[in-house]
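Chemist: Before we start, here is the structure in question, set down as C-alpha coordinates.
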Amino acid sequence: MSNNSDKKVIVGMSGGVDSSVSAYLLQQQGYQVEGLFMKNWEEDDTDEYCAAAEDLKDAQAVADKLGVELHTVNFASEYWDNVFEYFLAEYKAGRTPNPDIMCNKEIKFKAFLEFAAEALGADYIATGHYVQRRMITDENGQTHWQMLRGLDNNKDQSYFLYTLAEEHVAQTLFPVGGLEKPEVRKIAEEQGLVTAAKKDSTGICFIGERKFKDFLQQYLPAQPGDIETPEGEVIGKHEGLMYHTLGQRKGLGIGGLKDASEEPWYTVDKDLERNVLIVAQGKKHPKLFSVGMIVNQCDWVDRVGPSNGFKCTVKTRYRQADIKCQLEKIDGDTFKVVFAEPVSAVTPGQSAVFYLDEVCLGGAIIDSLIR
(Lines of atoms letter the chains of each structure in order from A and count residues from 1; the text may use other names and numbers.)
(Lines give C-alpha, C1' and ligand atoms only; values in the text may rest on other atoms or scores of the structure.)
Protein backbone atom coordinates (compact mmCIF):
# COMPACT_ATOMS: atom_id res chain seq x y z
CA MET A 1 0.00 0.00 0.00
CA SER A 2 2.60 2.51 1.06
CA ASN A 3 4.61 2.31 -2.16
CA ASN A 4 1.76 4.05 -3.98
CA SER A 5 1.64 7.04 -1.64
CA ASP A 6 4.21 9.04 -3.59
CA LYS A 7 2.40 8.40 -6.89
CA LYS A 8 -0.11 10.92 -8.20
CA VAL A 9 -3.01 9.66 -10.31
CA ILE A 10 -5.37 11.93 -12.24
CA VAL A 11 -8.71 10.19 -12.75
CA GLY A 12 -10.81 11.21 -15.74
CA MET A 13 -14.08 11.84 -13.88
CA SER A 14 -17.04 12.01 -16.23
CA GLY A 15 -19.81 12.13 -13.64
CA GLY A 16 -20.57 8.44 -14.20
CA VAL A 17 -20.44 5.53 -11.77
CA ASP A 18 -17.39 3.80 -13.27
CA SER A 19 -15.02 6.75 -12.96
CA SER A 20 -16.44 7.59 -9.51
CA VAL A 21 -15.64 4.11 -8.20
CA SER A 22 -12.25 4.20 -9.95
CA ALA A 23 -11.32 7.28 -7.91
CA TYR A 24 -12.48 5.60 -4.69
CA LEU A 25 -10.55 2.36 -5.38
CA LEU A 26 -7.32 4.23 -6.16
CA GLN A 27 -7.70 6.14 -2.92
CA GLN A 28 -8.04 2.83 -1.10
CA GLN A 29 -4.84 1.64 -2.79
CA GLY A 30 -2.99 4.58 -1.27
CA TYR A 31 -2.44 6.77 -4.35
CA GLN A 32 -2.60 10.56 -4.29
CA VAL A 33 -5.82 10.98 -6.26
CA GLU A 34 -7.13 14.04 -8.09
CA GLY A 35 -9.94 14.21 -10.63
CA LEU A 36 -10.19 15.89 -14.02
CA PHE A 37 -13.48 16.69 -15.73
CA MET A 38 -13.16 17.16 -19.49
CA LYS A 39 -15.58 19.29 -21.47
CA ASN A 40 -15.32 18.16 -25.06
CA TRP A 41 -18.37 19.73 -26.70
CA GLU A 42 -19.82 23.25 -26.64
CA GLU A 43 -23.58 22.84 -26.67
CA ASP A 44 -25.89 25.82 -27.18
CA ASP A 45 -27.21 27.33 -23.97
CA THR A 46 -30.69 26.04 -24.72
CA ASP A 47 -29.29 22.76 -25.80
CA GLU A 48 -28.32 20.61 -22.85
CA TYR A 49 -28.06 17.40 -24.88
CA CYS A 50 -24.64 16.52 -23.58
CA ALA A 51 -25.86 17.26 -20.08
CA ALA A 52 -22.34 18.47 -19.35
CA ALA A 53 -23.48 20.73 -16.51
CA GLU A 54 -25.29 17.83 -14.84
CA ASP A 55 -22.28 15.55 -15.27
CA LEU A 56 -19.91 18.15 -13.83
CA LYS A 57 -22.21 18.55 -10.83
CA ASP A 58 -22.13 14.78 -10.22
CA ALA A 59 -18.35 14.59 -10.66
CA GLN A 60 -17.92 17.46 -8.19
CA ALA A 61 -20.25 15.80 -5.65
CA VAL A 62 -18.22 12.57 -5.84
CA ALA A 63 -14.92 14.48 -5.56
CA ASP A 64 -16.24 16.34 -2.50
CA LYS A 65 -17.44 13.10 -0.91
CA LEU A 66 -14.02 11.48 -1.43
CA GLY A 67 -12.16 14.64 -0.46
CA VAL A 68 -10.26 14.89 -3.75
CA GLU A 69 -9.58 17.97 -5.83
CA LEU A 70 -11.46 18.15 -9.14
CA HIS A 71 -9.82 20.05 -12.00
CA THR A 72 -11.71 20.97 -15.16
CA VAL A 73 -10.36 21.40 -18.67
CA ASN A 74 -11.96 22.35 -21.97
CA PHE A 75 -10.87 20.21 -24.92
CA ALA A 76 -13.73 21.32 -27.19
CA SER A 77 -11.46 22.77 -29.90
CA GLU A 78 -9.24 19.64 -29.93
CA TYR A 79 -12.39 17.54 -30.09
CA TRP A 80 -13.82 19.53 -32.98
CA ASP A 81 -10.56 19.39 -34.98
CA ASN A 82 -9.60 15.77 -34.34
CA VAL A 83 -12.85 13.92 -33.73
CA PHE A 84 -15.82 15.82 -35.10
CA GLU A 85 -14.23 16.90 -38.42
CA TYR A 86 -13.19 13.26 -38.98
CA PHE A 87 -16.71 12.09 -38.13
CA LEU A 88 -18.26 14.42 -40.74
CA ALA A 89 -15.66 13.61 -43.42
CA GLU A 90 -16.29 9.87 -43.02
CA TYR A 91 -20.06 10.29 -43.28
CA LYS A 92 -19.60 12.50 -46.33
CA ALA A 93 -17.56 9.70 -47.92
CA GLY A 94 -20.41 7.25 -47.32
CA ARG A 95 -18.74 5.39 -44.46
CA THR A 96 -19.92 4.87 -40.88
CA PRO A 97 -17.28 6.07 -38.41
CA ASN A 98 -17.02 5.41 -34.68
CA PRO A 99 -16.33 8.76 -32.98
CA ASP A 100 -15.91 7.18 -29.51
CA ILE A 101 -12.80 5.36 -30.71
CA MET A 102 -11.37 8.56 -32.18
CA CYS A 103 -12.20 10.42 -28.96
CA ASN A 104 -10.24 7.87 -26.92
CA LYS A 105 -7.31 8.16 -29.32
CA GLU A 106 -7.16 11.95 -29.67
CA ILE A 107 -8.67 13.24 -26.44
CA LYS A 108 -8.57 10.81 -23.51
CA PHE A 109 -5.25 9.17 -24.25
CA LYS A 110 -3.54 12.11 -25.92
CA ALA A 111 -4.83 15.53 -24.80
CA PHE A 112 -5.82 14.29 -21.31
CA LEU A 113 -2.65 12.23 -20.84
CA GLU A 114 -0.43 15.17 -21.84
CA PHE A 115 -2.39 17.68 -19.74
CA ALA A 116 -2.32 15.41 -16.67
CA ALA A 117 1.43 14.87 -16.93
CA GLU A 118 2.48 18.40 -17.87
CA ALA A 119 -0.02 20.65 -16.08
CA LEU A 120 -0.90 18.47 -13.09
CA GLY A 121 2.30 16.46 -12.53
CA ALA A 122 0.62 13.06 -12.83
CA ASP A 123 2.53 9.79 -12.61
CA TYR A 124 -0.50 7.99 -14.05
CA ILE A 125 -3.94 8.71 -15.41
CA ALA A 126 -6.91 6.47 -14.68
CA THR A 127 -10.26 5.94 -16.40
CA GLY A 128 -13.40 3.96 -15.65
CA HIS A 129 -13.03 1.74 -18.73
CA TYR A 130 -13.65 -2.00 -18.47
CA VAL A 131 -10.26 -3.24 -19.65
CA GLN A 132 -7.28 -4.75 -17.85
CA ARG A 133 -3.52 -4.57 -18.36
CA ARG A 134 -0.59 -6.80 -17.54
CA MET A 135 3.16 -6.68 -17.82
CA ILE A 136 4.98 -9.51 -19.57
CA THR A 137 8.67 -10.24 -20.09
CA ASP A 138 9.85 -11.35 -23.53
CA GLU A 139 12.64 -13.83 -24.30
CA ASN A 140 15.21 -11.01 -24.26
CA GLY A 141 14.22 -9.99 -20.75
CA GLN A 142 12.44 -6.85 -22.01
CA THR A 143 9.16 -5.94 -20.31
CA HIS A 144 6.03 -5.03 -22.26
CA TRP A 145 2.52 -3.95 -21.35
CA GLN A 146 -0.47 -5.75 -22.81
CA MET A 147 -4.10 -4.67 -22.83
CA LEU A 148 -6.64 -7.35 -21.92
CA ARG A 149 -10.39 -7.56 -22.17
CA GLY A 150 -12.37 -6.42 -19.13
CA LEU A 151 -13.40 -9.18 -16.75
CA ASP A 152 -17.11 -8.39 -17.28
CA ASN A 153 -17.79 -9.75 -20.74
CA ASN A 154 -20.94 -7.65 -21.06
CA LYS A 155 -19.03 -4.46 -20.40
CA ASP A 156 -15.60 -5.13 -21.92
CA GLN A 157 -14.51 -1.91 -23.66
CA SER A 158 -11.26 -3.02 -25.28
CA TYR A 159 -13.00 -2.59 -28.66
CA PHE A 160 -13.05 1.18 -28.05
CA LEU A 161 -9.47 1.35 -26.74
CA TYR A 162 -7.58 -0.57 -29.43
CA THR A 163 -5.74 2.58 -30.55
CA LEU A 164 -3.77 2.69 -27.29
CA ALA A 165 -0.11 1.86 -27.74
CA GLU A 166 1.96 0.12 -25.10
CA GLU A 167 3.26 3.41 -23.70
CA HIS A 168 -0.32 4.61 -23.08
CA VAL A 169 -1.22 1.33 -21.36
CA ALA A 170 1.89 1.71 -19.16
CA GLN A 171 0.71 5.13 -17.96
CA THR A 172 -2.95 4.27 -17.37
CA LEU A 173 -4.70 2.50 -14.50
CA PHE A 174 -8.07 0.79 -15.07
CA PRO A 175 -9.38 0.18 -11.53
CA VAL A 176 -12.78 -1.32 -12.50
CA GLY A 177 -11.45 -3.51 -15.33
CA GLY A 178 -11.24 -6.52 -13.03
CA LEU A 179 -14.76 -6.08 -11.64
CA GLU A 180 -18.27 -6.90 -12.82
CA LYS A 181 -20.61 -3.96 -13.32
CA PRO A 182 -23.00 -4.92 -10.46
CA GLU A 183 -20.01 -4.95 -8.07
CA VAL A 184 -19.09 -1.43 -9.19
CA ARG A 185 -22.60 -0.14 -8.52
CA LYS A 186 -22.58 -1.89 -5.12
CA ILE A 187 -19.30 -0.17 -4.12
CA ALA A 188 -20.74 3.21 -5.19
CA GLU A 189 -23.86 2.56 -3.12
CA GLU A 190 -21.90 1.46 -0.04
CA GLN A 191 -19.72 4.58 -0.26
CA GLY A 192 -22.73 6.87 -0.69
CA LEU A 193 -21.64 8.17 -4.11
CA VAL A 194 -24.40 10.10 -5.92
CA THR A 195 -23.62 8.30 -9.17
CA ALA A 196 -24.45 4.81 -7.77
CA ALA A 197 -27.72 4.45 -9.68
CA LYS A 198 -26.94 6.79 -12.60
CA LYS A 199 -27.64 5.08 -15.89
CA ASP A 200 -24.79 4.47 -18.31
CA SER A 201 -24.46 7.04 -21.05
CA THR A 202 -25.34 5.70 -24.48
CA GLY A 203 -25.03 7.15 -27.93
CA ILE A 204 -22.53 9.67 -29.19
CA CYS A 205 -21.86 12.37 -26.62
CA PHE A 206 -22.38 15.32 -28.95
CA ILE A 207 -25.69 13.99 -30.25
CA GLY A 208 -27.10 12.78 -26.96
CA GLU A 209 -30.75 11.82 -27.11
CA ARG A 210 -31.45 13.66 -30.36
CA LYS A 211 -32.43 11.92 -33.55
CA PHE A 212 -29.24 11.14 -35.41
CA LYS A 213 -30.75 12.21 -38.72
CA ASP A 214 -31.77 15.64 -37.40
CA PHE A 215 -28.29 16.16 -36.03
CA LEU A 216 -26.47 15.16 -39.22
CA GLN A 217 -28.72 17.38 -41.35
CA GLN A 218 -27.38 20.44 -39.51
CA TYR A 219 -23.90 19.78 -40.90
CA LEU A 220 -24.26 17.78 -44.12
CA PRO A 221 -26.85 18.58 -46.79
CA ALA A 222 -28.88 15.51 -47.70
CA GLN A 223 -28.63 14.15 -51.23
CA PRO A 224 -31.73 12.09 -52.02
CA GLY A 225 -31.50 9.23 -54.50
CA ASP A 226 -32.96 5.89 -55.54
CA ILE A 227 -33.27 2.67 -53.57
CA GLU A 228 -32.60 -0.38 -55.75
CA THR A 229 -32.58 -4.15 -55.40
CA PRO A 230 -29.33 -6.00 -56.25
CA GLU A 231 -30.95 -6.71 -59.65
CA GLY A 232 -31.24 -2.97 -60.35
CA GLU A 233 -34.98 -2.53 -59.84
CA VAL A 234 -35.85 0.88 -58.35
CA ILE A 235 -38.21 0.32 -55.42
CA GLY A 236 -38.07 3.59 -53.49
CA LYS A 237 -36.23 6.79 -52.61
CA HIS A 238 -33.70 7.50 -49.85
CA GLU A 239 -33.04 10.88 -48.23
CA GLY A 240 -29.26 10.51 -48.18
CA LEU A 241 -26.78 7.61 -48.14
CA MET A 242 -25.19 8.91 -44.95
CA TYR A 243 -28.32 8.06 -42.96
CA HIS A 244 -27.95 4.37 -43.76
CA THR A 245 -25.51 1.79 -42.52
CA LEU A 246 -24.97 -1.74 -43.86
CA GLY A 247 -27.26 -4.30 -42.27
CA GLN A 248 -29.73 -1.59 -41.25
CA ARG A 249 -33.37 -2.55 -41.33
CA LYS A 250 -35.15 0.47 -39.87
CA GLY A 251 -35.97 3.65 -41.72
CA LEU A 252 -35.92 2.32 -45.28
CA GLY A 253 -39.56 3.23 -45.84
CA ILE A 254 -40.17 0.39 -48.26
CA GLY A 255 -43.78 -0.71 -48.01
CA GLY A 256 -45.48 -3.84 -49.26
CA LEU A 257 -44.30 -4.36 -52.82
CA LYS A 258 -46.36 -6.36 -55.26
CA ASP A 259 -45.15 -9.96 -55.57
CA ALA A 260 -42.53 -9.46 -52.83
CA SER A 261 -42.31 -11.78 -49.84
CA GLU A 262 -43.07 -10.44 -46.37
CA GLU A 263 -39.42 -10.63 -45.30
CA PRO A 264 -37.89 -7.35 -44.09
CA TRP A 265 -35.54 -5.33 -46.28
CA TYR A 266 -31.93 -4.67 -45.27
CA THR A 267 -29.31 -2.22 -46.53
CA VAL A 268 -26.67 -4.35 -48.29
CA ASP A 269 -24.58 -1.77 -50.18
CA LYS A 270 -24.15 1.88 -51.13
CA ASP A 271 -23.27 2.92 -54.67
CA LEU A 272 -21.57 6.26 -54.01
CA GLU A 273 -20.99 7.13 -57.65
CA ARG A 274 -24.67 6.83 -58.53
CA ASN A 275 -25.94 7.84 -55.05
CA VAL A 276 -27.99 4.65 -54.90
CA LEU A 277 -28.88 2.63 -51.80
CA ILE A 278 -29.01 -1.11 -52.46
CA VAL A 279 -31.34 -3.24 -50.36
CA ALA A 280 -32.24 -6.92 -50.26
CA GLN A 281 -34.79 -9.04 -48.45
CA GLY A 282 -34.13 -11.32 -45.51
CA LYS A 283 -31.33 -11.29 -42.98
CA LYS A 284 -29.78 -14.37 -44.58
CA HIS A 285 -29.48 -12.71 -48.00
CA PRO A 286 -26.01 -13.49 -49.45
CA LYS A 287 -25.41 -9.80 -50.25
CA LEU A 288 -25.35 -9.05 -46.51
CA PHE A 289 -22.34 -11.32 -45.98
CA SER A 290 -18.60 -10.93 -46.53
CA VAL A 291 -15.91 -13.61 -46.57
CA GLY A 292 -13.25 -11.08 -45.65
CA MET A 293 -12.27 -7.43 -45.66
CA ILE A 294 -9.43 -5.02 -46.39
CA VAL A 295 -8.40 -2.92 -43.38
CA ASN A 296 -5.99 0.00 -43.02
CA GLN A 297 -5.03 2.79 -40.59
CA CYS A 298 -3.78 0.10 -38.20
CA ASP A 299 -3.01 0.73 -34.53
CA TRP A 300 -1.17 -2.11 -32.78
CA VAL A 301 -0.70 -2.05 -29.01
CA ASP A 302 2.89 -3.34 -29.36
CA ARG A 303 3.54 -0.86 -32.23
CA VAL A 304 4.79 -3.78 -34.36
CA GLY A 305 1.71 -5.69 -35.42
CA PRO A 306 1.21 -9.29 -36.47
CA SER A 307 3.23 -11.19 -39.04
CA ASN A 308 1.85 -12.32 -42.38
CA GLY A 309 -0.49 -15.31 -42.10
CA PHE A 310 -1.19 -14.62 -38.41
CA LYS A 311 -4.29 -16.37 -37.02
CA CYS A 312 -6.42 -14.70 -34.34
CA THR A 313 -9.99 -13.53 -33.77
CA VAL A 314 -11.67 -10.27 -34.73
CA LYS A 315 -14.71 -8.19 -33.83
CA THR A 316 -16.11 -5.98 -36.62
CA ARG A 317 -18.46 -4.22 -34.19
CA TYR A 318 -18.86 -3.80 -30.44
CA ARG A 319 -20.27 -6.77 -28.50
CA GLN A 320 -20.04 -9.09 -31.49
CA ALA A 321 -18.93 -12.67 -30.78
CA ASP A 322 -15.30 -13.24 -31.77
CA ILE A 323 -14.77 -14.37 -35.37
CA LYS A 324 -11.81 -16.58 -36.28
CA CYS A 325 -9.68 -15.03 -39.00
CA GLN A 326 -6.31 -14.93 -40.72
CA LEU A 327 -4.36 -11.76 -41.52
CA GLU A 328 -2.47 -11.35 -44.78
CA LYS A 329 -0.23 -8.32 -45.06
CA ILE A 330 -0.71 -6.32 -48.26
CA ASP A 331 1.70 -3.50 -47.41
CA GLY A 332 2.84 -1.41 -44.42
CA ASP A 333 -0.53 -0.40 -43.10
CA THR A 334 -2.97 -2.55 -45.06
CA PHE A 335 -4.10 -6.09 -44.31
CA LYS A 336 -6.45 -8.52 -45.97
CA VAL A 337 -8.51 -10.30 -43.32
CA VAL A 338 -10.06 -13.65 -44.25
CA PHE A 339 -12.90 -14.88 -42.03
CA ALA A 340 -13.27 -18.55 -41.09
CA GLU A 341 -16.95 -18.23 -42.04
CA PRO A 342 -18.98 -15.46 -43.76
CA VAL A 343 -19.88 -12.48 -41.54
CA SER A 344 -22.99 -10.32 -41.82
CA ALA A 345 -23.13 -6.52 -42.05
CA VAL A 346 -19.42 -5.70 -41.96
CA THR A 347 -19.36 -1.92 -42.37
CA PRO A 348 -16.65 0.26 -44.00
CA GLY A 349 -15.56 3.07 -41.67
CA GLN A 350 -16.11 0.97 -38.55
CA SER A 351 -13.25 -0.60 -36.62
CA ALA A 352 -12.04 -4.18 -36.74
CA VAL A 353 -10.37 -5.15 -33.46
CA PHE A 354 -8.10 -8.19 -33.18
CA TYR A 355 -7.60 -10.52 -30.22
CA LEU A 356 -5.48 -13.46 -29.18
CA ASP A 357 -7.50 -15.04 -26.38
CA GLU A 358 -7.82 -12.28 -23.73
CA VAL A 359 -5.20 -9.99 -25.25
CA CYS A 360 -6.33 -7.07 -27.41
CA LEU A 361 -3.69 -6.82 -30.14
CA GLY A 362 -4.99 -3.62 -31.74
CA GLY A 363 -7.18 -2.87 -34.69
CA ALA A 364 -7.79 -1.02 -37.92
CA ILE A 365 -10.45 0.77 -39.96
CA ILE A 366 -12.52 -1.38 -42.33
CA ASP A 367 -11.87 -0.03 -45.82
CA SER A 368 -13.67 -2.45 -48.14
CA LEU A 369 -15.36 -5.85 -48.14
CA ILE A 370 -14.53 -9.12 -49.85
CA ARG A 371 -17.81 -10.72 -50.86
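Using N, Cα and C of the backbone, Cβ positions are placed for all residues, glycine too.
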Chemist: Which single residue out of GLY121, GLY128, GLY141 does TrEMBL record at the ATP site shared with GLY12, MET13, SER14, GLY15, GLY16, VAL17, ASP18, SER19, MET38?
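Modeler: For the ATP site that includes GLY12, MET13, SER14, GLY15, GLY16, VAL17, ASP18, SER19, MET38, TrEMBL also lists GLY128.
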Chemist: Which recorded positions (GLY16, ASP18, MET38, CYS103, CYS205) fall within 10 Å of HIS129 (site 'Interaction with tRNA') by Cα distance?
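Modeler: Within 10 Å Cα-Cα: ASP18.
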Chemist: Using a Cβ cut-off under 8 Å and a sequence separation of 6 or more, which residues in the same chain sit near ASP18 (ATP binding site)?
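Modeler: Residues satisfying the criterion: GLY128, HIS129, TYR130, VAL176, VAL184.
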Chemist: Write down the Cα-Cα distance for CYS205 (active site, cysteine persulfide intermediate) and CYS103 (active site, nucleophile), rounded and given in Å.
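Modeler: Here the two Cα atoms lie 10 Å apart.
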Chemist: Give the distance between the Cα atoms of SER14 (ATP binding site) and GLN350 (site 'Interaction with tRNA'), rounded to the nearest whole Å.
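Modeler: Counting only the Cα atoms, the answer is 25 Å.
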Chemist: For GLY16 (ATP binding site) and GLN350 (site 'Interaction with tRNA'), determine the Cα separation and express it in whole Å.
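Modeler: Each residue's Cα considered, GLY16 (ATP binding site) and GLN350 (site 'Interaction with tRNA') end up 26 Å apart.
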Chemist: Determine, from DSSP, whether MET38 (ATP binding site) sits in helix, strand or coil.
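Modeler: Looking at the DSSP assignment, MET38 (ATP binding site) belongs to a strand.
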Chemist: Give me the Cα-Cα distance between CYS205 (active site, cysteine persulfide intermediate) and MET38 (ATP binding site), rounded to a whole Å.
Modeler: 12
